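Visitor: Feature annotation from TrEMBL assigns transmembrane segment to B:43-66, B:78-98, B:110-128, B:140-161, B:181-206, B:218-244, B:256-275, B:327-347, B:359-383. The domain 'ABC transmembrane type-1' annotation in TrEMBL covers B:181-376.
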Amino acid sequence: MTAGLSGLRPWLAPLAWSLLLLAAVLGMAELEALFRQIQPGTGAVIYQRDSFAQLLLNHLLIVGVAALVSVSLGVAAGILATRAWGRDFLPLVSQVASIGQTFPPVAVLALAVPLLGFGSLPTIVALVLYGLLPVLRNTLAGLQGVPPAVLEAAQGMGMAPRQVLFEVELPLAAAVIFAGIRTTVTVTIATAAIGSTIGASTLGDPVIAGLVNGNTAYVLQGALLIGLLAVSVDSGFERLQQLIAERQGL
Amino acid sequence: MRLLSSASNRVVLTLVTLAIGSLLLGDFASVQANRIVPGSGFGLFAALGSAWAVALLAALVTLAALALHPSPAGYRGMLLLISLLLLQWPASLAWFIHTQIPADQAQARAGLATGCWSLLFFALLLLIEVRQRLAPAAGWWRLGPLGLLLVTGLLIYSGYLEPLALLREYSSRSAQFWQALRGHLGLVGGALGFSLLFGVALALLIRRQPQLQRSVFGVLNFFQTIPSLALFGLLIAPLSYLAAHSPLLQQLGIRGIGWAPALLALVAYSLLPIVRNTSVALQAVAAEVIESARGMGMSPWQVFSQVRLPLALPVILEGMRITSIQAIGLTAVAALIGAEGFGSFIFQGLGQGAMDLVLLGALPTIVLALLADALFSALARYFQPGVG
């Protein structure tokens with residue numbers, strides 16, 4: 001029992017944040033009296049158009065789909081550009097990845113509308129495009145950071161190119177790639193919240209509705225939940241990063 | 001001048017194929033009778049006429065042909081063709097406007113469609129690709145992009161591009177545009193100034209008291225994790241409360257919405273890159289360098305101002321580059337809480353479904369970010385020890 005608990009200990013921070021998020025999602029209505037003090041003289045002080053649980057689910061779904069696609073595309077492109085037959089594309093790909101990160105996420109989100117219209121789909125496309133870059137950049141950095149001597153040794157042992165990739169290169173680059181994934185997810189969560197302005201239903205909805213109607217209570221509710229979501233996910237990633245570092249240290 | 005390989009350049013071939021495909025499959029440009037009605041699209045041939053369209057396609061095909069067996073001379077030829085593609089880009093828009101929009105229709109406006117955008121996009125990618133194949137880099141690769149800006153500027157100045165939807169939106173709110181630029185730069189500059197002040201102070205504090213390092217970086221990292229919309233939203237209630245109870249704050253113009261919460265949040269986000277880079281830079285100066293400076297009889301202040309700071313400056317400037325790019329994007333978001341800047345055009349445009357207005361906000365935001373990137377990269381290179 002004690003062994004089980006001590007194994008849980010490193011997960012305490014992500015668990016605590018997630019529980020707090022869950023409590024806030026389910027118990028926001030209980031705080032009505034508090035919000036009434038912040039926003040006196042207004043009929044509704046708790047955001048009602050959608051339940052907070054629904055908004056959280058939508059937000060997670062959009063972030064999940066976008067992050068999954070951008071991580072798969074980013075890692076795949078990074079691998080392809082560092083193989084012998086894709087190396088021609090490497091300089092262009094790495095320069096585009098670094099120039100692209102200069103573009104503000106909100107501008108990318110806004111430019112998706114003239115091309116794709118309003119809604120969740122354009123939001124996801126914009127998030128994928130923007131989220132690609134940190135993963136791609138870190139995949140390239142991680143794979144290029146593998147010492148040539150290690151690669152030669154692996155080839156010398158008679159490993160096939162596929163084996164070298166999966167058993168040597170990717171494990172050695174894992175920590176750097178994972179750091180890129182963490183950045184991508186953080187940016188995606190934040191930008192998905194702004195996606196409310198282009199018609200995606202996320203936890204940004206109460207904030208935008210509150211700002212438009214001058215209802216500070218709504219703004220606070222949305223902002224609180226977005227913040228808790230970001231911190232929960234990020235602390236989970238931090239723990240996973242520690243695990244990868246520990247495994248590599250062995 | 002040696003080239004990486006004598007085999008055909010598959011990158012150029014791919015990019016050219018994509019460019020030709022998007023030119024032939026998508027609309028090149030569109031015309032709207034006024035701001036409200038939907039526009040009608042024009043394909044490449046309809047928009048520019050056969051002569052111009054064929055010349056354009058011929059240039060792209062020649063590029064591909066040169067890429068089959070690239071030689072140093074071939075790459076110079078490709079660079080020349082790409083520069084021409086960039087130079088003709090604004091001219092082709094002016095030609096489209098000239099032929100398709102009657103001068104007496106003051107409401108009619110021309111829009112850029114997929115073909116036009118992707119031609120620009122692929123031409124720039126081709127430029128990046130071909131430029132780095134020409135080693136040592138041929139200085140005249142700048143001719144294309146600079147010429148593009150110059151020709152665009154001239155055509156705007158002379159009124160040929162006036163019916164462009166983006167410029168129609170601009171001319172109906174030019175005063176607001178410059179005010180938005182001032183507001184945007186003011187917030188970014190303020191955030192940069194304050195975060196530099198506090199950031200360098202924090203970095204020096206950490207150097208004196210290393211046990212503070214963990215908690216300072218913990219707090220700053222935490223701020224970076226909070227999404228901008230959440231941080232802006234969380235600052236509104238406390239600031240309105242403070243402003244309501246303090247006449248001094250009211251006199252300063254501090255309210256729950258507007259520049260005050262925006263600046264506060266921007267500084268919170270900007271501190272991490274500045275503190276991180278400054279403390280890394282200050283620590284990275286080799287102990288021997290400091291030792292020999294002291295040995296030469298320099299006072300502690302001289303060691304700091306004449307040795308440590310100049311050596312640390314490029315790294316600090318890199319921190320300022322990250323900070324300014326981040327702040328330019330976040331200032332656009334801050335329009336949601338009433339801060340001035342290009343974000344107000346973006347969100348107004350989204351609200352009204354006016355896409356040209358969205359562009360009028362989004363494009364300058366991107367340009368500002370690219371300019372900040374170029375400026376601070378150039379400064380960091382200039383102050384690189386041993387170069388400047």
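Positions of Cβ are set from backbone N, Cα and C atoms, glycine also.
Looking at the shown structure, what environment does each listed feature sit in?
Guide: Sequence-distant contacts of the transmembrane segment (B:78-98), counting only residues of its own chain at least 6 positions beyond either end whose CB sits under 8 Å from a CB of the stretch, comprise 12, 28-29, 42, 47-49, 52, 56, 59-60, 62-63, 66-67, 70, 110, 112, 116, 119-120, 123-124, 126-127, 130-131, 134, 138, 140-141, 143-145, 147-148, 151-152, 155, 160-161, 163-164.
Residues 12, 15-16, 18-19, 22-23, 26-32, 39, 41-44, 47, 56, 63, 78-79, 82, 85-86, 89, 92-93, 96-97, 100-101, 141, 144-145, 163-165, 356 of the same chain lie 6+ residues outside the transmembrane segment (B:110-128) yet bring a C-beta within less than 8 angstroms of a C-beta in it.
Cβ atoms under 8 Å from those of the transmembrane segment (B:140-161) belong to residues 79, 82-87, 89-91, 93-94, 97-98, 123-124, 127, 130-131, 134, 167 of the same chain, restricted to positions at least 6 beyond its ends.
A Cβ distance under 8 Å defines the sequence-distant neighbours of the transmembrane segment (B:181-206), meaning residues of its chain 6+ beyond its ends; these are 212-213, 216, 259, 262-263, 266-267, 269-271, 274-275, 278-279, 282, 316, 319-320, 323-324, 327-328, 331-332, 334, 339-343, 364-365, 368, 372.
Proximity of distant same-chain residues to the transmembrane segment (B:218-244), defined by a Cβ-Cβ separation under 8 Å and at least 6 residues beyond the stretch ends, is recorded for 250, 254-257, 260-262, 264-265, 268-269, 271-272, 275-276, 330, 333-334, 336-337.
Long-range contacts of the transmembrane segment (B:256-275) within the same chain: residues 183, 186-188, 190-192, 194-196, 198-200, 202-203, 206, 216-217, 220-221, 223-224, 228, 231-232, 235-237, 239-241, 243, 316, 319-320, 322-323, 326-327, 330-331, 334, 337-340, each at least 6 residues beyond the stretch ends and with a Cβ under 8 Å from a Cβ of the stretch.
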